[in-house]
(Lines of atoms letter the chains of each structure in order from A and count residues from 1; the text may use other names and numbers.)
(Lines give C-alpha, C1' and ligand atoms only; values in the text may rest on other atoms or scores of the structure.)
Protein backbone atom coordinates (compact mmCIF):
# COMPACT_ATOMS: atom_id res chain seq x y z
CA UNK A 1 0.00 0.00 0.00
CA UNK A 2 1.64 3.27 -1.03
CA UNK A 3 2.38 5.98 1.49
CA UNK A 4 1.12 9.47 0.81
CA UNK A 5 -2.16 11.37 0.90
CA UNK A 6 -5.17 9.20 1.62
CA UNK A 7 -3.20 6.34 3.22
CA UNK A 8 -2.47 5.57 6.86
CA UNK A 9 0.70 7.73 6.72
CA UNK A 10 -1.17 11.01 7.26
CA UNK A 11 -4.52 12.62 6.53
CA UNK A 12 -5.30 14.21 3.17
CA UNK A 13 -4.78 17.99 3.45
CA UNK A 14 -7.66 19.86 1.81
CA UNK A 15 -8.21 23.50 0.86
CA UNK A 16 -11.86 24.51 0.39
CA UNK A 17 -12.50 27.19 -2.26
CA UNK A 18 -16.01 28.64 -2.50
CA UNK A 19 -17.39 32.18 -2.57
CA UNK A 20 -20.13 31.38 -0.03
CA UNK A 21 -19.03 31.59 3.60
CA UNK A 22 -21.85 29.22 4.59
CA UNK A 23 -20.80 26.65 2.00
CA UNK A 24 -17.15 26.94 3.05
CA UNK A 25 -18.14 26.33 6.65
CA UNK A 26 -20.38 23.39 5.73
CA UNK A 27 -17.82 21.72 3.47
CA UNK A 28 -15.06 22.19 6.04
CA UNK A 29 -17.20 20.65 8.78
CA UNK A 30 -18.21 17.69 6.60
CA UNK A 31 -14.62 17.00 5.54
CA UNK A 32 -13.23 17.45 9.06
CA UNK A 33 -15.61 14.75 10.31
CA UNK A 34 -13.47 12.17 8.50
CA UNK A 35 -10.29 11.25 10.43
CA UNK A 36 -8.51 10.64 7.12
CA UNK A 37 -8.94 14.28 6.06
CA UNK A 38 -7.45 17.50 7.44
CA UNK A 39 -8.93 20.84 6.34
CA UNK A 40 -5.99 23.25 6.22
CA UNK A 41 -8.06 26.28 5.30
CA UNK A 42 -10.73 27.89 3.17
CA UNK A 43 -10.73 30.65 0.56
CA UNK A 44 -13.49 32.77 -0.93
CA UNK A 45 -11.97 33.11 -4.40
CA UNK A 46 -9.01 31.83 -6.46
CA UNK A 47 -6.75 34.75 -5.50
CA UNK A 48 -7.22 34.02 -1.81
CA UNK A 49 -6.70 30.33 -2.59
CA UNK A 50 -3.31 31.01 -4.17
CA UNK A 51 -2.21 33.02 -1.12
CA UNK A 52 -3.29 30.18 1.16
CA UNK A 53 -1.47 27.61 -1.02
CA UNK A 54 1.76 29.61 -0.71
CA UNK A 55 1.61 29.26 3.07
CA UNK A 56 0.64 25.58 3.23
CA UNK A 57 0.45 23.20 0.31
CA UNK A 58 -2.78 21.18 0.15
CA UNK A 59 -3.01 17.68 -1.28
CA UNK A 60 -6.46 18.34 -2.76
CA UNK A 61 -8.59 21.41 -3.51
CA UNK A 62 -12.38 21.43 -3.49
CA UNK A 63 -13.49 24.06 -5.98
CA UNK A 64 -16.71 25.86 -6.83
CA UNK A 65 -17.22 26.92 -10.45
CA UNK A 66 -19.30 30.08 -10.04
CA UNK A 67 -17.09 32.59 -8.21
CA UNK A 68 -16.29 36.32 -8.39
CA UNK A 69 -13.00 37.80 -9.66
CA UNK A 70 -12.04 34.55 -11.40
CA UNK A 71 -14.38 31.68 -12.23
CA UNK A 72 -13.53 28.14 -11.20
CA UNK A 73 -12.85 26.87 -14.73
CA UNK A 74 -10.31 29.60 -15.44
CA UNK A 75 -8.61 28.94 -12.11
CA UNK A 76 -8.59 25.20 -12.81
CA UNK A 77 -6.90 25.69 -16.19
CA UNK A 78 -4.24 27.91 -14.60
CA UNK A 79 -3.67 25.38 -11.82
CA UNK A 80 -3.24 22.48 -14.23
CA UNK A 81 -0.78 24.49 -16.34
CA UNK A 82 1.27 26.04 -13.55
CA UNK A 83 0.79 24.00 -10.37
CA UNK A 84 -1.00 20.68 -11.03
CA UNK A 85 -2.93 19.46 -8.01
CA UNK A 86 -5.91 17.10 -7.59
CA UNK A 87 -9.17 19.07 -7.74
CA UNK A 88 -12.68 18.01 -6.73
CA UNK A 89 -15.44 20.17 -8.19
CA UNK A 90 -18.23 20.84 -5.68
CA UNK A 91 -21.23 21.99 -7.68
CA UNK A 92 -24.86 22.70 -6.93
CA UNK A 93 -27.41 20.24 -8.25
CA UNK A 94 -28.59 22.65 -10.92
CA UNK A 95 -28.97 21.73 -14.57
CA UNK A 96 -27.12 24.89 -15.57
CA UNK A 97 -24.07 23.73 -13.63
CA UNK A 98 -23.79 20.34 -15.31
CA UNK A 99 -21.99 21.40 -18.50
CA UNK A 100 -19.36 23.53 -16.73
CA UNK A 101 -18.74 20.65 -14.32
CA UNK A 102 -18.12 18.29 -17.22
CA UNK A 103 -15.78 20.83 -18.80
CA UNK A 104 -13.92 20.90 -15.50
CA UNK A 105 -13.35 17.15 -15.74
CA UNK A 106 -11.95 17.65 -19.23
CA UNK A 107 -9.67 20.39 -17.88
CA UNK A 108 -8.16 18.10 -15.29
CA UNK A 109 -10.51 17.90 -12.30
CA UNK A 110 -10.57 14.41 -10.82
CA UNK A 111 -14.11 14.25 -9.44
CA UNK A 112 -17.41 16.12 -9.42
CA UNK A 113 -19.66 15.97 -6.38
CA UNK A 114 -22.82 17.78 -5.37
CA UNK A 115 -22.64 20.31 -2.56
CA UNK A 116 -24.28 18.98 0.61
CA UNK A 117 -27.79 20.30 1.10
CA UNK A 118 -30.13 20.34 4.04
CA UNK A 119 -32.31 17.27 4.08
CA UNK A 120 -32.98 14.06 5.94
CA UNK A 121 -30.36 12.47 8.17
CA UNK A 122 -29.82 9.77 5.52
CA UNK A 123 -29.34 12.37 2.79
CA UNK A 124 -26.79 14.31 4.84
CA UNK A 125 -24.85 11.15 5.67
CA UNK A 126 -24.81 10.10 2.02
CA UNK A 127 -23.53 13.55 1.03
CA UNK A 128 -20.77 13.25 3.62
CA UNK A 129 -19.73 9.82 2.33
CA UNK A 130 -19.64 10.98 -1.29
CA UNK A 131 -17.65 14.15 -0.59
CA UNK A 132 -15.07 12.48 1.65
CA UNK A 133 -14.65 9.54 -0.72
CA UNK A 134 -14.18 11.92 -3.65
CA UNK A 135 -11.43 13.82 -1.83
CA UNK A 136 -9.62 10.60 -0.93
CA UNK A 137 -9.96 9.32 -4.49
CA UNK A 138 -8.55 12.58 -5.84
CA UNK A 139 -5.59 12.35 -3.47
CA UNK A 140 -4.84 8.84 -4.71
CA UNK A 141 -5.25 9.76 -8.37
CA UNK A 142 -2.92 12.74 -8.18
CA UNK A 143 -2.52 15.42 -10.86
CA UNK A 144 0.21 13.65 -12.79
CA UNK A 145 0.96 9.98 -13.29
CA UNK A 146 -1.86 7.86 -11.81
CA UNK A 147 -1.17 6.16 -8.50
CA UNK A 148 -2.62 2.82 -7.47
CA UNK A 149 -5.46 2.73 -4.98
CA UNK A 150 -5.94 0.20 -2.26
CA UNK A 151 -9.51 -1.09 -2.15
CA UNK A 152 -11.60 0.26 0.68
CA UNK A 153 -12.73 -2.38 3.15
CA UNK A 154 -15.88 -0.99 4.71
CA UNK A 155 -19.04 -2.36 6.21
CA UNK A 156 -21.63 -1.94 3.50
CA UNK A 157 -25.07 -2.90 2.35
CA UNK A 158 -25.00 -5.63 -0.27
CA UNK A 159 -26.80 -5.50 -3.58
CA UNK A 160 -29.41 -7.86 -2.07
CA UNK A 161 -30.96 -4.74 -0.54
CA UNK A 162 -31.89 -3.56 -4.04
CA UNK A 163 -32.19 -6.70 -6.16
CA UNK A 164 -35.27 -8.87 -6.27
CA UNK A 165 -35.02 -12.66 -5.88
CA UNK A 166 -33.33 -14.43 -8.84
CA UNK A 167 -35.35 -16.17 -11.50
CA UNK A 168 -34.67 -19.58 -13.01
CA UNK A 169 -31.96 -20.28 -15.60
CA UNK A 170 -34.64 -20.26 -18.31
CA UNK A 171 -34.32 -16.49 -18.58
CA UNK A 172 -30.76 -16.87 -19.84
CA UNK A 173 -31.80 -18.51 -23.11
CA UNK A 174 -31.46 -15.64 -25.55
CA UNK A 175 -28.87 -14.87 -28.21
CA UNK A 176 -28.65 -11.08 -27.74
CA UNK A 177 -25.37 -9.97 -26.19
CA UNK A 178 -25.36 -7.12 -23.70
CA UNK A 179 -22.36 -5.27 -22.28
CA UNK A 180 -22.43 -3.91 -18.72
CA UNK A 181 -19.75 -1.44 -17.65
CA UNK A 182 -18.84 0.11 -14.31
CA UNK A 183 -16.46 3.01 -13.62
CA UNK A 184 -15.74 5.68 -11.03
CA UNK A 185 -12.75 8.03 -10.60
CA UNK A 186 -11.27 8.67 -14.04
CA UNK A 187 -14.21 6.99 -15.69
CA UNK A 188 -15.61 9.96 -17.59
CA UNK A 189 -12.59 10.12 -19.90
CA UNK A 190 -12.16 6.33 -19.98
CA UNK A 191 -15.77 5.87 -21.06
CA UNK A 192 -15.40 8.52 -23.72
CA UNK A 193 -12.43 6.62 -25.15
CA UNK A 194 -14.24 3.29 -24.91
CA UNK A 195 -17.47 4.42 -26.56
CA UNK A 196 -15.76 6.54 -29.22
CA UNK A 197 -13.92 3.42 -30.40
CA UNK A 198 -17.11 1.40 -30.94
CA UNK A 199 -18.98 1.25 -34.28
CA UNK A 200 -22.59 2.32 -34.63
CA UNK A 201 -23.80 -1.28 -34.60
CA UNK A 202 -21.99 -2.25 -31.39
CA UNK A 203 -23.85 -4.45 -28.91
CA UNK A 204 -26.13 -2.66 -26.46
CA UNK A 205 -24.41 -1.27 -23.37
CA UNK A 206 -25.58 -0.34 -19.88
CA UNK A 207 -23.10 1.80 -17.94
CA UNK A 208 -22.77 2.91 -14.33
CA UNK A 209 -20.45 5.89 -13.83
CA UNK A 210 -20.43 7.24 -10.29
CA UNK A 211 -21.69 10.79 -10.80
CA UNK A 212 -24.30 13.04 -9.15
CA UNK A 213 -27.83 13.37 -10.50
CA UNK A 214 -28.33 15.99 -13.24
CA UNK A 215 -24.73 15.53 -14.35
CA UNK A 216 -25.35 12.10 -15.86
CA UNK A 217 -27.83 13.50 -18.38
CA UNK A 218 -25.33 16.14 -19.51
CA UNK A 219 -22.58 13.50 -19.61
CA UNK A 220 -24.73 11.28 -21.83
CA UNK A 221 -25.52 14.17 -24.18
CA UNK A 222 -21.84 15.02 -24.48
CA UNK A 223 -20.90 11.42 -25.28
CA UNK A 224 -23.75 11.16 -27.78
CA UNK A 225 -22.19 13.95 -29.80
CA UNK A 226 -18.80 12.24 -29.86
CA UNK A 227 -19.64 8.61 -30.54
CA UNK A 228 -21.05 6.50 -33.36
CA UNK A 229 -23.27 4.68 -30.87
CA UNK A 230 -26.25 6.59 -29.52
CA UNK A 231 -25.80 7.54 -25.86
CA UNK A 232 -28.59 8.57 -23.49
CA UNK A 233 -29.34 8.69 -19.80
CA UNK A 234 -31.27 5.55 -18.92
CA UNK A 235 -34.98 5.85 -18.18
CA UNK A 236 -37.02 3.12 -16.54
CA UNK A 237 -38.09 0.61 -19.19
CA UNK A 238 -35.55 1.63 -21.86
CA UNK A 239 -34.70 -1.28 -24.16
CA UNK A 240 -31.09 -2.39 -24.46
CA UNK A 241 -30.52 -2.52 -28.20
CA UNK A 242 -27.50 -2.68 -30.53
CA UNK A 243 -25.97 0.69 -31.27
CA UNK A 244 -27.05 2.34 -28.02
CA UNK A 245 -25.42 2.94 -24.65
CA UNK A 246 -27.53 3.73 -21.59
CA UNK A 247 -25.92 5.74 -18.77
CA UNK A 248 -27.37 5.07 -15.31
CA UNK A 249 -28.89 8.26 -13.88
CA UNK A 250 -27.19 9.72 -10.83
CA UNK A 251 -28.66 8.94 -7.42
CA UNK A 252 -30.71 5.97 -8.69
CA UNK A 253 -29.85 2.32 -9.18
CA UNK A 254 -30.05 0.84 -12.68
CA UNK A 255 -30.68 -2.88 -13.15
CA UNK A 256 -30.79 -5.11 -16.22
CA UNK A 257 -34.01 -7.05 -16.77
CA UNK A 258 -35.35 -9.33 -19.47
CA UNK A 259 -38.82 -9.37 -21.01
CA UNK A 260 -39.32 -12.15 -23.51
CA UNK A 261 -36.33 -12.09 -25.83
CA UNK A 262 -35.38 -8.49 -25.07
CA UNK A 263 -33.41 -6.79 -22.35
CA UNK A 264 -34.46 -3.54 -20.74
CA UNK A 265 -33.38 -1.49 -17.74
CA UNK A 266 -35.15 -0.85 -14.48
CA UNK A 267 -34.32 2.42 -12.73
CA UNK A 268 -35.20 2.53 -9.06
CA UNK A 269 -34.48 4.15 -5.73
CA UNK A 270 -32.73 2.30 -2.95
CA UNK A 271 -30.00 2.55 -0.32
CA UNK A 272 -26.34 3.15 -1.08
CA UNK A 273 -24.63 -0.08 -2.10
CA UNK A 274 -20.84 -0.21 -1.74
CA UNK A 275 -21.18 3.47 -0.76
CA UNK A 276 -22.75 4.37 -4.11
CA UNK A 277 -26.05 4.96 -5.88
CA UNK A 278 -26.03 3.99 -8.71
CA UNK A 279 -23.96 0.96 -7.78
CA UNK A 280 -21.93 -1.11 -10.22
CA UNK A 281 -22.55 -4.19 -8.07
CA UNK A 282 -26.31 -3.79 -8.47
CA UNK A 283 -26.02 -3.57 -12.27
CA UNK A 284 -23.56 -6.46 -12.55
CA UNK A 285 -25.51 -8.78 -10.28
CA UNK A 286 -28.73 -8.09 -12.16
CA UNK A 287 -26.92 -8.87 -15.41
CA UNK A 288 -25.66 -12.14 -13.94
CA UNK A 289 -29.20 -13.13 -13.05
CA UNK A 290 -30.98 -12.03 -16.20
CA UNK A 291 -28.33 -12.32 -18.92
CA UNK A 292 -25.69 -14.72 -17.64
CA UNK A 293 -23.57 -16.11 -20.48
CA UNK A 294 -25.07 -13.54 -22.85
CA UNK A 295 -23.41 -10.70 -20.93
CA UNK A 296 -19.96 -9.16 -21.02
CA UNK A 297 -18.91 -7.30 -17.88
CA UNK A 298 -16.25 -4.58 -17.83
CA UNK A 299 -14.89 -2.99 -14.65
CA UNK A 300 -12.87 0.18 -15.16
CA UNK A 301 -10.88 2.80 -13.30
CA UNK A 302 -12.20 3.80 -9.88
CA UNK A 303 -11.52 3.87 -6.16
CA UNK A 304 -12.96 1.29 -3.78
CA UNK A 305 -14.50 -2.06 -4.61
CA UNK A 306 -17.92 -1.36 -6.13
CA UNK A 307 -18.50 -3.88 -8.90
CA UNK A 308 -15.82 -6.39 -7.89
CA UNK A 309 -18.23 -8.87 -6.31
CA UNK A 310 -20.76 -8.27 -9.05
CA UNK A 311 -18.14 -9.06 -11.68
CA UNK A 312 -17.35 -12.29 -9.82
CA UNK A 313 -21.04 -13.19 -9.92
CA UNK A 314 -21.12 -12.40 -13.65
CA UNK A 315 -18.18 -14.74 -14.22
CA UNK A 316 -19.86 -17.53 -12.25
CA UNK A 317 -22.98 -17.08 -14.40
CA UNK A 318 -20.96 -17.76 -17.55
CA UNK A 319 -20.41 -14.17 -18.69
CA UNK A 320 -17.14 -12.94 -20.15
CA UNK A 321 -15.41 -10.46 -17.83
CA UNK A 322 -12.78 -7.76 -18.37
CA UNK A 323 -10.86 -5.51 -15.99
CA UNK A 324 -8.96 -2.39 -17.03
CA UNK A 325 -5.25 -2.67 -16.26
CA UNK A 326 -3.32 -0.60 -13.74
CA UNK A 327 -1.24 1.33 -16.26
CA UNK A 328 -4.27 2.94 -17.92
CA UNK A 329 -6.42 3.35 -14.77
CA UNK A 330 -6.49 6.73 -13.05
CA UNK A 331 -7.19 4.88 -9.78
CA UNK A 332 -6.62 1.12 -9.74
CA UNK A 333 -9.07 0.27 -6.96
CA UNK A 334 -12.18 -1.35 -8.44
CA UNK A 335 -10.30 -3.34 -11.11
CA UNK A 336 -7.66 -4.48 -8.64
CA UNK A 337 -10.27 -5.79 -6.21
CA UNK A 338 -12.02 -7.63 -9.05
CA UNK A 339 -8.71 -9.19 -10.10
CA UNK A 340 -7.98 -10.14 -6.48
CA UNK A 341 -11.30 -12.00 -6.34
CA UNK A 342 -10.48 -13.86 -9.55
CA UNK A 343 -13.42 -12.15 -11.26
CA UNK A 344 -11.63 -10.97 -14.41
CA UNK A 345 -11.08 -13.32 -17.34
CA UNK A 346 -8.93 -10.67 -19.01
CA UNK A 347 -6.95 -7.67 -17.74
CA UNK A 348 -6.51 -5.22 -20.60
CA UNK A 349 -5.23 -1.70 -21.26
CA UNK A 350 -8.02 0.71 -22.10
CA UNK A 351 -7.34 0.86 -25.89
CA UNK A 352 -7.61 -2.94 -26.11
CA UNK A 353 -11.03 -3.17 -24.47
CA UNK A 354 -13.27 -1.99 -27.39
CA UNK A 355 -11.89 -4.49 -29.95
CA UNK A 356 -12.08 -7.28 -27.37
CA UNK A 357 -15.73 -6.43 -26.66
CA UNK A 358 -16.52 -6.64 -30.36
CA UNK A 359 -14.68 -9.95 -30.68
CA UNK A 360 -16.52 -11.47 -27.72
CA UNK A 361 -19.89 -10.31 -29.01
CA UNK A 362 -19.49 -11.60 -32.58
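Quick reminder: no glycine exception, Cβ is built from N, Cα and C everywhere.
Taken from Swiss-Prot, the feature active site covers 184 (among others), and the record attributes it to sequence analysis. Residues near residue 184 (active site) in space but far in sequence (CB under 8 A, at least 6 apart, same chain), listed by position: 137, 209, 210, 276, 280, 301, 302, 303, 304, 306, 331, 333, 334. Under the three-state DSSP scheme, residue 184 (active site) falls in the coil class.
Counting every protein chain shown, 32 other Cβ atoms lie within 10 Å of the Cβ of residue 210 (active site). In the three-state DSSP scheme, residue 210 (active site) falls into the coil class. Look at Swiss-Prot and you will find 210 (among others) tagged as active site.
Taken from Swiss-Prot, the feature active site applies to 306 (among others). Of all Cβ atoms in the shown protein chains, 33 besides its own fall within 10 Å of the Cβ of residue 306 (active site).
Annotated domain 'Response regulatory' per Swiss-Prot: 13-130, in sequence order, evidence recorded as sequence analysis.
Summarising the annotation, Swiss-Prot assigns domain 'CheB-type methylesterase' to 172-362 and lists sequence analysis as the type of evidence.
If you draw a 10 Å sphere around the CB of residue 64 (4-aspartylphosphate), it holds 25 other CB atoms from the protein chains shown. Taken from Swiss-Prot, the feature 4-aspartylphosphate covers 64, and the record attributes it to sequence analysis.
Secondary structure counts, DSSP: the domain 'Response regulatory' (13-130) has 56 helix, 25 strand, 37 coil.
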